[in-house]
Each structure stands twice: as C-alpha cells, then as structure tokens.
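What follows is a single structure, written as structure tokens, with notes after it.
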Amino acid sequence: MKIVTWNINGIRTFRGGIKKALDSLGADIICVQETKVTRDLLDERTAIVDGYNSYFSYSRGRSGYSGVATYCKDSATPFAAEEGLTGLLTNHEGAVGCYGDHTEFSSEELQLLDNEGRAVITQHRIMCQNKVQTVTVINVYCPRADPEKPERKQFKLQFYKLLQYRAEAILKDGSFVIVLGDVNTSHRPIDHCDPSDIDDFGENPGRKWLNGFLHSDKPEEDKNEEEPDEESEISETDPTHGGKFVDTFRYFHPTRTNAFTCWSTLTGARQTNYGTRIDYIFADCQLAKDQFLGADIMPEVEGSDHCPVWGQLSCPLLPSSKPPPICTRYLPEFAGKQQKLSRFLVKVDQKSVQSERRDVLLGSQEEEERRENLNPIRAGNVSGKKRVLTSDSVVPKGKKTKTVNTSSKPQGSLLSFFKPKLTNAMCTSSTTETCDKQVKTKHSTPQPSVGHSNSNKGASLVFWKSVLHGPPPPPSCKVHGEPCVLRTVKKEGPNMGKQFFVCARPQGHSSNPEARCNFFAWVEKGK
C-alpha cells in the first residue's frame, strides 16, 4: 500500500491530464490539498478519472480558495468516507463516525471550521498479519496563521484541536489512523531553512501543538541515517513520550537536513532550496512501527510551490465493492440525473443532441462546455445558414438592420490621430477651386524617397519615446554586479504602490554566495 500527499496549489497543476499525473505518482491513495475548486466549478474531467474514485471537500464561503480531494484507485476503494471533521456535513450512510468531544467548541465555531473545505476522511480495509483491519486516512489542509489577522491564529489552533480530537477518537474506536497533508507549520529547527531568523521559534503555538500531538522520541544528533533501531522504537503506551502519532519522515530520516517540501515561488527559493517542511504523513505509533516500510519527500516533482510526500506500507488493501455515497461519481451532474443550467440558456444543435443520446458512454463535461459555451455559433449553425439565405427578406416593423461597410479604404496609422487633418467642411463654395487644385496636386505628387521615409520613421520614434517612456534602467547589485529586478510594494501601508530594486538572484541563506544579496534601492520619483 502506497499513499501520497501533495499540496497542488490549484487543480490546474494537472495541465497534462489528471489521470497521467495520478498514474505518475504510482500510489494507491493520493491526497491533494488546495484544489481551489468549488462544487459549481467541479467538472467531469476533474471529478471522474478512469481507474480512480474521488472524494472532494469544497470551500463554502470563497471561490477559488482552499479545498482538498482524495483520489483512490479502484483497487483501494474505501468502504466509508465523509467530508469535514465535525460531522455537520454528513447526512448520508457510509460515514466514518467517531467525532470526539466537542464540548470546547461552540456550534458556530464548528460550522466555521468545516466551512472552508479543509478535510476529507476515507476508511479502508487492509490485511495485517492475516487479519482484516481498518485504516482511516484523514486528508487535511490546515489553515495558515496570517500575521495581519490575529483571529486567523486562533482559527488555526482551533482547527488543530478539532483534528486531534477526531483522529484520537477514531484511533480509540479500533482503527489505524493516518493524518496527512499540509499542516502549515514546520515542527523543529531542522525542518526550517533559517530558524534563527524567527524569534522564539519553539514558542510558536503551532509547534507546541505538534509537540503534544506527536510521539516525542528525540533522535541523537550523531545517529546514522538508517532504519530505526530497537532503542528508538516507539511505544504507544509510554506516557512520557506524549502524543499518539509519529512523523513518518523523521521516523525513517531522523537527522536529514535540507529536506523541505515548500518554497516561495515569488523569490525563486526552490533553486537554492530555501524552504520549509510543512507537509507530513503522520501515522499512529502501532501502524508506523509494524507496517510502514519507508517515507520520503519528492522534491524532483514540480508544478506547485510544494512537493509530494510518500509513504509505503507492507499491508495490502482490500477494496470495497461499492464506493461510499459521497463519491463524486454519484453527484447528480455526473450521474446523468441532472443537466447543467447552460443547456437551458444556450441554443444547441438538435442533431448533435440526438447523436449524444444514442451514445452509450457519456461525453466529458469539458467537451460539452466547449461545444455549448465557448462555441455557441457552431451549435446553432443550422439557423445561421437560414439567416444568410433570408437576409433579403422584409424586415419586421420596429427593428433596424445594421449594414456592414465593405469599403476597402485603408486604415490610418495611430500617429494620424495626433495630427490635425483637413475636413470636408473646410472646402466651402468659395474655395472649391483651391480644394480641387490640392487634390490634383496630391495625385500628381511622386512617392517619397527612401531617405525621406527613414526620416519620418525617426521622427515617429522620437515622438513615441517622448510620449511613452519605459521603466527606469535597473541598477546593478553591489555584490554580484548583475542587473536588479523591479518590484512593487503590495502590502497595505505608507509605502504601498512604491517601486524598488532588489538583487535578481533567488532567495537563499545569507551564507550562500549564489543566493540573493541584500541590495535594496527605492525608485526615485520622476524617473
């Protein structure tokens, strides 16, 4: 059994085809975060992938925000699945259950925590030591604590607490549990590119939560990068080590440095590996000890500001004969029970509709959208031909027809709009002869020479340079002597909108000579 988690930063990451991308990961269960797709934007190509069954959670408040999805191979079909952590979004059979203690949360808090589409839970059967067991996979996209919005820090901590209660409740009920996804917190200094740059690194509330959630078996600094030995083996019942879950990557690679999963694309930090490790696969202690064979990151896989993380287990999956009710293939718009609203608003060729009905297999929704929405003229080509044939018919009263000017008069240059020109009004009855002479002279004037044409081009170039001047030439940074890049302040404040120059190299540690230097210069006004 192989599982993969990946923050894809938008479902459009799979531009080459979703099936091709999923197959390339070679996993049985693939959990993706930050899909940025809502229910109304979910198309059939994304929801129905051949060989897989999928489960989505969507943001209810904002479009193009958050969202998670779990794709399971048909050989790994779960027997239960649900959206969210609270149970408030569950109104069907086949739910996972075991919601834990919610007494610390108000009903409004619970609704808000599940309102952003941050969790999907699937439950599978596995064969462990000749015995059928269950494993629950909790796919999460934890909130980010925006420093400019203090309320989001509290929201993040409440989400962590709710996640822990749910995971531990399912574990207590007898199922193995895997929590994986983008947790949005780097746990230890070894998981951060520059921990010394952060004040009170260990005092961060998110890191404190991780300390309590995870089994705290601190590795020795000189331990070799090998499979864990007997002394470092974890015990689920040892109270001195706290949490019930294990960071599987650190279980197999306790001292590996520069192992990051997220980088800033704005600063090009991936080139210098100046990032953080915030994507994890957590497993309960017993499962990690008995069944996990390995776990690692995949920095070579590009397409997002995050990279995938994989985990391999020795236990085989036992697929369910039928997916749970929240599987996307059961949604009305994909099950053939509900038509799209666009079909009632756009004229469709009846012949094409009849041919579609004769087809046994349903066409993809993307093809329908392209035919109906993006090219409605083609769909109505029959009526279009009729209009051409009856264009000479009598026009009904109250309607006006537009005539197309088929004159072959050449279009003037843009420069002519800035120069005064003669109009017909200037040619009055007293000056008709003068105007006729000007016309004759104009027709008799020979074509200008090449030299004269070049001088006109030069004059035009000077004119446009005076009207449109580009950005100021970039200075060179002091360390590398290379041209800088122009940036604009987008953060709200007194400097918002101002431009400045910085070194063009990617961001990196200050000790890295190949990384960006600290050159900075404001763009002076009037330049």
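The backbone N, Cα and C atoms fix where each Cβ goes, glycine too.
As recorded in TrEMBL, the features of this protein are as follows:
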{"type": "ACT_SITE", "residues": "Y141", "note": "active site"}
{"type": "ACT_SITE", "residues": "D182", "note": "active site, proton donor/acceptor"}
{"type": "COMPBIAS", "residues": "222-236", "note": "compositional bias 'Acidic residues'"}
{"type": "ACT_SITE", "residues": "H306", "note": "active site, proton acceptor"}
{"type": "SITE", "residues": "H306", "note": "site 'Interaction with DNA substrate'"}
{"type": "DOMAIN", "residues": "477-526", "note": "domain 'GRF-type'"}
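Recorded residues H306 (active site, proton acceptor) and Y141 (active site) have their alpha carbons 13 Å apart, per Cα-Cα distance.
If you take the C-beta of the residue listed as 'active site, proton donor/acceptor' and look for same-chain residues 6 or more apart in sequence within under 8 angstroms, you find T5, N7, Q33, E34, V140, Y141, C142, C262, I278, D279, H306.
DSSP assignment over the domain 'GRF-type' (477-526) gives 0 helix, 12 strand, 38 coil. The Cβ neighbour count for H306 (active site, proton acceptor), using a 10 Å radius over every protein chain in view, is 26. The number of other Cβ atoms within 10 Å of the Cβ belonging to the residue listed as 'active site', over all protein chains shown, comes to 26.
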